[in-house]
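For reference, the structure is listed below as structure tokens.
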Amino acid sequence: MSSSSDTHAGESRHRRNPIRWLLGFGFFVQGFRGFPWLGANFFLTEQLRVNPSVLQLLQNSANLPMVAKPIYGVVSDSVYFFGQHRIPYIAVGALLQAISWLAIAFLSRSNVSILALSIYLLLSNLGASLVEVANDAIVAESGKQKTSETQSGELPSFVWMVSSLGGILGNLLGGIAIKTFSAQSTFLVFGILALLQFLVTINIREKSLNLPENPSPAGGIRKHLSDLSHVLRKPEISYSIAWIAVSTAVVPVLTGTMFFYQTKFLKIDASLLGISKVFGQIAMLLWGFAYNRWLKAMRPRKLLTAIQVTIAFFVISDLLFVKGVYRDLGVSDSVYVLFFSGFLETLFYFKILPFTVLMARLCPPGCEGSLMAFVMSAIALAFIVSGYLGIVLASFVGVTEDDFSGFTRGLAIEACCVGIPLILTSWIYDEAETKEKSKKIE
């Protein structure tokens, strides 16, 4: 009877706990950010008429606030407002996004400068960073609770799938909105959605989330920095983070060039490009489901290696696409872009889910926000470096707004770079291998 009573009580608390509502809505909004960003890409190319290198430079520079995530994480772990240290940061982040996108929506009707637009995009990503840090910390903290759900990685898979759902709707509706109305309409809609997230968040109290009690924040920021430094000195954590960062940073992606190639050279319609990104987000959604259902017990090193190999194959596929091989086989450019182009863009992010689950498992209590923020910061910095290297590569192979003759050479170099991290997979922590070594020593 006692066991049954405890079970019913636990289920009752789970139903009352708004954590899934908070995280579900929060991750949905973050996934939906593809909606205004698709509009921003078309606004930059069609109205501000930037070239491929400038477009990719702006895309990656706007992500610079993501690099400071460890600072936000440490502050979130140690600085409380009214006894709360997660909810306030989500609220502030949502408000910053609302302000920035609404400002862009109204300013873009006049002759807004690239500088002004860049500042607002930076402000938007600062807000997004705060939200992501707090949300990731809540997911990691919940993972410390001894329930079958969190131990199995169900909550990380849930928020991953919700974020993917937001991405699906964002890109689908983004392409339609740009074609039917204008790129500016996407800024207005997302600004209103972010404002709604702010209003929802401020009405939730952190105590209702039933998060595990953390050690006292009395030590302040200095103590949390010391704790983070101690955690990062653990080889299983530091080497794993180094691999995920290197596996992304060494690959010079040509996203800006590909966007120009598809829209300016191939004349791919905005709505088709939006639907292409939808297929990519659907793949993300299915990946979250597949990971939770079949792959969560798989050794992280083996899974991350398989993903890296898959990325290499799809970059080679893009190379064949640009060379016209698929066109010669009867597959039109529109069909390839629709089904494969968006998938490759999201494939680079597939590594994040199993990696964050691994980090949450290795992270000691009380340092979740700081460590997860550091991890996401390292990944964000790696993507920025990857984007900047892509700009250098595009210049090296001679790709311009009107000349794509060197594009295939650039993609060939990119494919070779994707293979480099496969040499370093021993850096990824493998619990089974560690246990085997311990037994041999004994």
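Cβ atoms are placed via backbone N, Cα and C, with glycine included.
Copied over from Swiss-Prot, here are the features:
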TRANSMEM  23-43  transmembrane segment
TRANSMEM  64-82  transmembrane segment
TRANSMEM  87-107  transmembrane segment
TRANSMEM  114-134  transmembrane segment
TRANSMEM  158-178  transmembrane segment
TRANSMEM  184-204  transmembrane segment
TRANSMEM  241-261  transmembrane segment
TRANSMEM  270-290  transmembrane segment
TRANSMEM  302-322  transmembrane segment
TRANSMEM  335-355  transmembrane segment
TRANSMEM  379-399  transmembrane segment
TRANSMEM  410-430  transmembrane segment
Thinking of Cβ pairs under 8 Å, which stretch from 23-43, 64-82, 379-399 has the most of them with the transmembrane segment (114-134)?
64-82
Cβ contacts under 8 Å made by the transmembrane segment (23-43) with residues that lie 6+ beyond its boundaries:
55, 59, 90, 94, 101, 104, 108, 117, 121, 128, 131-132, 135, 138-139, 155, 158-160, 162-171, 173-175, 177-178, 183-187, 189-191, 193-194, 197, 200-201, 259, 263, 270, 273-274, 277, 281
Of the stretches 64-82, 270-290, 379-399, which racks up the most C-beta pairs under 8 Å with the transmembrane segment (158-178)?
270-290
